[in-house]
Amino acid sequence: MFGKVEEKLNNVLKTEGALYFILIDPDEKNCLEIAEKVKDYADAIILGGSIGITNLDETTKQIKEIIGDIPIILFPGNVDGLTPYADAVFFMSFMNSNNTYWTTTAPTLGAITVKKYNLEPISMAYLGIEPIKRTAVGFVGEVNEIPQRKPEIAGMYCLSAKYFGMRWAYLEAGSGAELPVSNEIIGISKKLSGINIIVGGGIRTPETAYQKVLSGADAIVTGTLIEDNPDAVKEMRNAIKKAGIDKL
């Protein structure tokens, strides 16, 4: 049984072949400005960060007023990254963290708040891919990063996630990563698991996004892109949607 947000995302996948998620850090001073710029291009807004969260309730309400019916999915960096004003939450395990806090304890502590806030949980495996160790999420999450040259390891993690009952896997190279997740990792992860594959980190050009979708990605995440080139979001969406149709 899917919730409303996940059902909506799956319906877009069936008709358009790929999703475009835009990550907004609620602690960024210009987060409302970013929301205004991207509202016409995102299939969902992913809201969260890997360091501190301040004034999340008010920021989420303000972003919701700007983006209208576009779902806000929380991407919590810790148990304080939850708010009742979002539509859903990626209920995730950082599967290749060396610290059990991130694999099981944090989601366990957050579960009762997810229920209290009536947030739709979207079960997801979160996997740190090389070079994530050199990014904030890799440092905070104490990640045992998956080497780019060993795509079968990522594939096995995704298959494990499927057997645990997770429906999504996020292959993350880290915000601002110098290299994105390889096409080989994406391809084998999708082929082995069959679950929805999200790819983020280091995707800076429409051409790169196009190749990631053709390789098997179901959703592409960009975040810092809008800060570097505000006009790139439309081009990115067009490339993702073209690849999605070409893949169908």
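Cβ coordinates are placed from backbone N, Cα and C, and glycine is handled just like the others.
If you look up Swiss-Prot, you'll see Asp25, Ser50 marked as Mg(2+) binding site. Annotated sn-glycerol 1-phosphate binding site per Swiss-Prot: Tyr170, Leu171, Glu172, Ala173, Gly174, Ser175, Gly176, Gly201, Gly202, Gly223, Thr224, in sequence order, evidence recorded as sequence analysis.
Features per Swiss-Prot, on structure.
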residue : record                               : CB count, 10 Å
Asp25   : Mg(2+) binding site                  : 23
Tyr170  : sn-glycerol 1-phosphate binding site : 26
Glu172  : sn-glycerol 1-phosphate binding site : 26
Gly174  : sn-glycerol 1-phosphate binding site : 27
Gly176  : sn-glycerol 1-phosphate binding site : 16
Gly202  : sn-glycerol 1-phosphate binding site : 22
Thr224  : sn-glycerol 1-phosphate binding site : 16
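If you measure from the Cα atom of Gly174 (sn-glycerol 1-phosphate binding site) to that of Asp25 (Mg(2+) binding site), you get 14 Å. Largest Cα-Cα distance over the residues recorded as binding sn-glycerol 1-phosphate, namely Tyr170, Leu171, Glu172, Ala173, Gly174, Ser175, Gly176, Gly201, Gly202, Gly223, Thr224, equals 17 Å.
Here the CA atom of Asp25 (Mg(2+) binding site) lies 17 Å from the CA atom of Tyr170 (sn-glycerol 1-phosphate binding site).
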